[in-house]
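Taken straight from TrEMBL:
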type	residues	note
ACT_SITE	His188	active site, proton acceptor
BINDING	Gly12, Ala13, Ala14, Gly15, Gln16, Ile17, Gly18, Asp43, Asn106, Val130, Ala131, Asn132	NAD(+) binding site
BINDING	Arg93, Arg99, Asn132, Arg163	substrate binding site
DOMAIN	6-153	domain 'Lactate/malate dehydrogenase N-terminal'
DOMAIN	157-304	domain 'Lactate/malate dehydrogenase C-terminal'
Amino acid sequence: MAKDPVRVLVTGAAGQIGYALVPMIARGVMLGPDQPVILHMLDIEPAAMALNGVKMELIDAAFPLLRGVVATTDVAEACKDVNIAVMVGGFPRKEGMERKDVMSKNVSIYKAQASALEQYAAPDCKVLVVANPANTNALILKEFAPSIPEKNITCLTRLDHNRALGQISERINIHVSEVKNVIIWGNHSSTQYPDVNHATVIPTNGEEKSVREAIANDNWLNTEFITTVQQRGAAIIKARKLSSALSAASAACDHIRDWVLGTPKGTWVSMGVYSDGSYGIQPGIIYSFPVTCEKGQWSIVQGKVPFCIVEQMAMAEQHFIISLIANLRIVSLQWQG
């Protein structure tokens, strides 16, 4: 029996990440090769013409799974009955702007979008925040959409997770699918901590072994590997003169696919989720943990912190809290407005 289509919202759909993401969704990369979708694409009024161009290309591509396209600048229309919301749109930091200026713009954007999601989206809507600062934007969205369950609001750290997998596979010259169970602790920022202490490799026709054993170079793992993952986004901007788009879109698909369809047995992934106090992280903040997913629900994997990285985890937590406190006044003023 044919499945009912799933409605997927992509905000900022005319932008770089959105343009890379929507064909992946339409082709089944996000929800599987047998799941029809209806794409809801939202962008700002100045991008309306470009957004319509993206819609035309989706139609021209004749994707078998694509059952409809809504392209709009109206947030209520965009959010109507959506089952999944991928929040890509956000105000970018420009030269000469301070972070508080960006946050003020994003609070306004996320206030409107969160209110529309709460009012018009499907009751079980799953939300993934991609726009930076992703952890903070996810928390803002939750503040303005209190009826959306806490476990249904997440942010993207899968890109960092995938970057870590890629660095390991390149280092020992094996396919990236043969590496698993790295962990990204903290925020999608340079204060994150990429952790390989429980990661393993399973080479084709080989024996499973720890990443540390396979690489046999703790100095590289404790220094260059960590900074490369932490600063990969900046390196891509330097090389492309543009921020990561294709890899971010692919990671968003990975995040939603595993959340909805489940993680493979014995494998965890990194997701920015609401802290329940696990690992001593302050409850209620959005923090990247190792998680497994089953039947559309994520669960934090327990017992995976070596003593040697507790300090780094605490630093990542503290960075987020400091950033949050600095922006509380902005959020409060926007809430009152």
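Yeah, the Cβs are placed from backbone N, Cα and C, and that goes for glycine too.
Annotations in TrEMBL come from automatic prediction, not curation.
Taking the features listed in TrEMBL, we show where each one sits on the structure.
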{"residue": "Gly12", "record": "NAD(+) binding site", "Cβ contacts under 8 Å, 6 or more apart": "Gly18, Leu42, Asp43, Met87, Val88, Gly89, Gly90, Ala131"}
{"residue": "Ala14", "record": "NAD(+) binding site", "Cβ contacts under 8 Å, 6 or more apart": "Met41, Asp43, Ala47, Ala50, Leu51, Gly53, Val54"}
{"residue": "Gln16", "record": "NAD(+) binding site", "Cβ contacts under 8 Å, 6 or more apart": "Leu242, Ser243, Ala245"}
{"residue": "Asn106", "record": "NAD(+) binding site", "Cβ contacts under 8 Å, 6 or more apart": "Gly90, Phe91, Ala131, Asn137, Ile140"}
{"residue": "Asn132", "record": "substrate binding site", "Cβ contacts under 8 Å, 6 or more apart": "Gly90, His188"}
{"residue": "Arg163", "record": "substrate binding site", "Cβ contacts under 8 Å, 6 or more apart": "Pro194, Thr228, Val229, Arg232, Ser247"}
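All protein chains shown were included, and the count of other CB atoms within 10 Å of the CB of Gly18 (NAD(+) binding site) stands at 25. All protein chains shown were included, and the count of other CB atoms within 10 Å of the CB of the residue listed as 'active site, proton acceptor' stands at 26. The number of other CB atoms found within 10 A of the CB of Ala131 (NAD(+) binding site), across every protein chain shown, is 23. Spanning the residues Gly12, Ala13, Ala14, Gly15, Gln16, Ile17, Gly18, Asp43, Asn106, Val130, Ala131, Asn132 that the record associates with binding NAD(+), the maximal Cα-Cα distance equals 18 Å. Helix first, then strand, then coil: DSSP counts for the domain 'Lactate/malate dehydrogenase C-terminal' (157-304) stand at 63 helix, 32 strand, 53 coil. For the domain 'Lactate/malate dehydrogenase N-terminal' (6-153), DSSP puts the residue distribution at 70 helix, 28 strand, 50 coil.
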